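Novice: One structure coming up, written as structure tokens, with questions to follow.
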Amino acid sequence: MLKVYNTLTGQKEKFETVEAGKVKMYVCGLTVQNYSHIGHIRSAINYDVIRRFLEYLGYEVDYISNFTDINEKIVKRAEEEGITPAELADKYANAFLEDIREFNIKPADKYLRVSENIDQIIEMVKTLIEKGYAYEVNGNVYFSVESFEDYGKLSGRSLDEMQAGARIAVNEEKENPLDFGLWKKVEAGEGWDSPWGEGWPGWHIECSAMSMKRLGATFDIHGGGVDLIFPHHENEIAQSEAYSGKKFVNYWLHNGTVNLSGEKMSKSQGNFFTSREVLKEFPAQTVRYFLLSRHYRSPIDFSYEKLEEAETSLQRIENARRQLAKVLNLDIESAEDNKENENFFTKVVELKDSFAAALNDDFNTAEAIGVLHDLVGEINSFLNQKDFTLNEKNFAVLEETEEIFLELAEILGLKFELNKAPGADDKLVSPLISLLLELRDRARDNKNWEEADLIRDRLQEIGVEVTDTPRGTEWEIKGKEE
RNA sequence: GGCGGCAUAGCCAAGUGGUAAGGCAGAGGACUGCAAAUCCUUUAUUCGGCGGUUCAAAUCCGUCUGCCGCCUCCA
């Protein structure tokens, strides 16, 4: 049974959907004003795994995200780059889509853009004014936080507490300093026409308008970074529920931040790694694996040193996968059976269940990765038994294990494709290498180590890795080192 | 100042009442002509300090210390 931690209640809750068998989820995307950084990628990977697991559980998932393509920052950045705001937004939205492909993140079913949903937003603002939740002053429209009884329920604050904090910029137009903008007046020619004059939507309103338009007044999951809880998501709840009179979202999920030396990575602080610069140093899968090695709600400290550790750890899993594939390629030697494979397979199935149980517990990917390593240990031990032979029963069991292994990895979005280097399947290359290795074997039989090593070393230089294993000499095209 | 979170081995990290997963590094071993690779075993009487509840606490309560987040744009 799936349990998820809901920020709204501060507890893990049993997960039940509005509509049986279907999950409607909305994840706050980014303002497309620059290249994405690792913090954005963590968020995207996190919700990607959540989505994949929900699909694994059999749900039909409608996963929606957004691109904020209208605001001051975009205008400013566009001026800097000498292009129009729309071009800038397009450029970075496309860059983001390229980035997530690298990280094996499934794209959302739909990315909603503010610029394409202005009508919807205006309609919503209009209704909020009519219902008495919002007011217009000089072409600006504000939401009145005092008019919404439950204001503060997500972030666990009360209006009194927040006013005591008194770190809110003074704005004479607002009835209450905490009131937030729904519609913002801008210079002629820069915005959209509205009943209140030319302007832009406020930041928070877009997510409400677009998510409800696509997913309905009440939907299942709304996700984003913890730094969005207040004010962004708090405000979304206020305006959405004031508008529809219904509960907006059942489960609020928030992922932790990516930190650098303990400090939050963020654009405004200037302390961030873009995903692109990280990808120059490490494979995307390593980054993904690293980010999933910690529970999504906790902050994670980012460094290249940690990525190197993650790389080594990930290789252990990759090796097991490769060994498994190699063994499955061997000829079946005997029909004999031993009891070992039954014990082995029982454990494999148990681990499969443990893996699902880990993710069922608020998507605990760190624990799930631990289970994956346990599975690797079982596979290794089984394959490295002294008297291992590939009999029919072993083959069947290993084939099924491979399937389970790949299925679980797929939930985490990890791909373990076999190295299909160019030439590996070539009708000429393969026999040629086999021939060379035959010569090497003969040299070894004659204890002519010099010649044997020459063949191995020369093959290595060409990019063919030769490994002596208890099952005989194996080779693999690795390609040349760059 | 207000609200919230976190503190587990050398490092990273799971674990929310039943006696400490997993990874990295380290140590030992297996395999090998050698090398590389790989594999196996092993590494916390203890969970920031103190006090309390309980038959039982890393897990609950109180308190102290340290770190972080939000309160302004932010994934």
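Just so it is clear, glycine is given a Cβ too, placed from its N, Cα and C backbone atoms.
Dumping what TrEMBL says about this protein:
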BINDING   A:Cys28, A:Cys207, A:His232, A:Glu236  Zn(2+) binding site
BINDING   A:Lys267  ATP binding site
COILED    A:300-330  coiled coil
DOMAIN    A:354-426  domain 'Cysteinyl-tRNA synthetase class Ia DALR'
MOTIF     A:30-40  motif ''HIGH' region'
MOTIF     A:264-268  motif ''KMSKS' region'
Novice: Return the residue, from the listed binding-site residues A:Cys28, A:Cys207, with the maximum count of other C-beta atoms within 10 angstroms of its C-beta.
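Specialist: By the 10 Å Cβ neighbour count, A:Cys207 comes out on top.
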Novice: Could you tell me what the rest of the chain brings near the motif ''HIGH' region' (A:30-40), counting residues at least six beyond its ends with Cβ under 8 Å?
Specialist: 67-69, 71, 73-74, 77, 88-93, 95-96, 99, 225, 257-258, 264-267, 272-276, 278, 287, 291, 302
Novice: For the motif ''KMSKS' region' (A:264-268), would you mind checking the mean pLDDT of the predicted model?
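Specialist: Result for the motif ''KMSKS' region' (A:264-268): average pLDDT 86.
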Novice: With the Zn(2+) site defined by A:Cys28, A:Cys207, A:His232, A:Glu236, which remaining residues of that chain have Cβ atoms positioned within 8 Å of the Cβ centroid?
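Specialist: The surrounding set, listed in chain order, is A:His204, A:Glu206, A:Ser208, A:His222, A:Gly224, A:Leu228, A:His233, A:Asn235.
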Novice: In DSSP terms, helix, strand or coil for A:Cys207 (Zn(2+) binding site)?
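Specialist: Its secondary structure by DSSP: helix.
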Novice: Compile a sequence-ordered list of residues in the same chain as A:Glu236 (Zn(2+) binding site), six or more apart from it, whose Cβ lies below 8 A from its Cβ; state 'none' when nothing qualifies.
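Specialist: Long-range Cβ contacts: A:His204, A:Cys207, A:Ser208, A:His222, A:Phe248.
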Novice: How many other Cβ atoms sit within 10 Å of the Cβ of A:His232 (Zn(2+) binding site)?
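Specialist: The Cβ of A:His232 (Zn(2+) binding site) has 18 Cβ neighbours within 10 Å.
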Novice: How many whole Å apart are the CA atoms of A:Cys28 (Zn(2+) binding site) and the residue listed as 'ATP binding site'?
Specialist: 16
